[in-house]
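Structure record follows, encoded as structure tokens.
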């Protein structure tokens with residue numbers, strides 16, 4: 001596992017994972033604002049024309065980014081420059097299969113590795129199609145972070161965990177990003193089920209918008225993922241987004257970091 | 001039993017047709033996709049499922065559809081004999097109903113309470129709304145807002161049949177975006193909702209399942225041709241958007257080595273301009289749950305397709321066609337909007353049949369090939385839909401005010 005990711009989840013407190021779409025607004029300044037606000041892990045979205053797992057906020061960010069002319073090389077450049085500014089903050093690329101495999105999975109894995117990327121989340125490559133990307137990432141020393149969902153039952157869980165590393169992203173609702181949020185009780189039982197099956201840290205996301213929600217999840221999980229609420233700040237505030245991103249991140253981080261980690265492994 | 005070298009024994013157990021197909025979906029959908037595959041295997045092994053399908057095909061859809069020799073078109077083109085499989089005579093006016101009957105029977109077996117589908121031109125939407133009305137299940141159809149405005153008659157048909165039509169405004173607001181939105185809805189309603197995919201694409205087992213339900217076309221055609229002429233055709237021709245009517249015609253003939261096959265993609269404004277020919281102008285990639293040929297740029301961003309036929313206006317193609325192209329078993333070509341419009345008019349005037357713009361592409365390819373073939377050669381084309389829905393589009397293209 002990436003040393004940076006391992007450290008982020010081994011600080012004796014839950015980690016705050018923050019998502020932004022690359023190429024949407026002044027990405028470098030927005031990412032710096034996440035770090036300044038206290039984000040522990042940065043999730044950088046690769047824009048795609050057909051983001052079918054995403055709700056309206058992140059769909060719109062994808063379209064804005066592509067309309068601004070963002071290419072895969074731009075995304076990698078953003079990652080590379082982030083790594084130079086922040087040598088110790090773990091960086092995860094999130095996106096869809098087609099842009100990741102278009103030039104071959106080996107190309108993507110080696111470029112991402114050279115840019116200091118620690119992990120990759122690919123929404124539409126389930127473990128059954130791991131060959132399409134997984135071996136290339138593992139050879140390049142990049143964690144493949146898989147998703148578990150409310151529909152992932154106990155029988156299927158080992159399949160999902162096989163080949164997973166970095167952390168497990170628990171998608172707390174069967175749905176798309178940014179809309180509804182699961183109740184704390186169902187998240188608690190799901191995280192307990194995952195923890196019984198793996199030693200990897202468990203980060204929970206989908207529908208988390210406020211410090212209160214983030215704090216409640218941090219009581220039971222190793223990490224909390226926030227995406228759409230941050231992406232909306234980019235949409236609404238444009239060049240002034242960094243100050244708003246920093247403020248929201250700081251309040252989320254305070255709520256998340258206040259929870260002790262007695263439940264977490 | 002198929003021999004190991006059969007072209008009919010794909011996909012493998014993981015849903016791959018050679019290097020194509022597969023199951024590229026979000027984890028939320030994976031358990032449901034696996035459940036669907038198990039339910040489909042059980043249905044295949046259950047004679048009562050096939051019996052109910054056959055009964056509805058005969059008495060509700062109106063099968064077998066006729067096999068028709070087209071004498072005046074044959075004479076006009078001056079070459080091979082031209083025959084049509086008349087799937088435009090099915091209830092609802094296209095081949096789409098064959099698959100919808102099969103999938104709704106499966107949905108009922110699985111205890112699903114709601115049906116969703118996406119549609120481009122509206123033919124699959126109408127067919128889905130039809131079977132939902134027939135079986136009393138609520139139906140939601142996702143349709144690009146652009147298509148909603150240019151396909152008003154089909155939108156009204158769907159509503160008459162009791163379906164809710166949801167205009168999709170994301171992206172270019174066409175078929176690809178409607179499919180994204182259907183997948184988003186499905187992921188949020190996996191427990192009680194069945195997604196009826198209209199073409200031989202999507203995650204495994206859809207391409208196999210749709211092919212199997214549509215293979216009724218080729219099975220009938222093969223038997224009818226043997227009965228009427230005592231031999232098999234020399235060339236099969238069918239239009240391809242996602243490719244369900246084509247694979248339905250081709251599949252039962254794939255191991256008949258003497259039968260050549262031609263799939264016809266939409267060249268739109270031209271292969272050097274905007275088109276919908278994924279095999280001719282695309283590259284392998286992953287979209288909508290399967291690996292296949294896609295119109296895309298060097299970064300893997302999906303391009304907007306264009307065809308005068310809304311039913312062919314899709315930037316991908318069913319994965320079995322991608323494999324059949326690579327193996328060389330099926331040849332693929334492309335016909336542009338103008339050639340399709342010419343063929344549309346030729347069939348109207350020579351045979352008294354108004355075809356849909358989709359099979360008009362196939363007819364244009366037939367016209368090219370017939371001339372180069374002997375007079376005793378036989379071409380069999382799939383007339384997969386009737387043209388009532390397209391008369392407004394054709395009128396506009398011909399500069400006629402309606």
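A Cβ is built for glycine as well, from the same backbone N, Cα and C atoms used for every other residue.
According to TrEMBL, the protein carries these features:
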- A:43: active site, proton acceptor (ACT_SITE)
- A:54: active site, proton acceptor (ACT_SITE)
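Residue A:43 (active site, proton acceptor) sits 15 Å from residue A:54 (active site, proton acceptor), counting Cα to Cα. Neighbour list (residue A:54 (active site, proton acceptor), Cβ cut-off 8 Å, at least 6 residues apart, same chain): A:62, A:176, A:177, A:178.
Around residue A:43 (active site, proton acceptor), a 10 Å sphere centred on its CB holds 26 further CB atoms from the protein chains shown.
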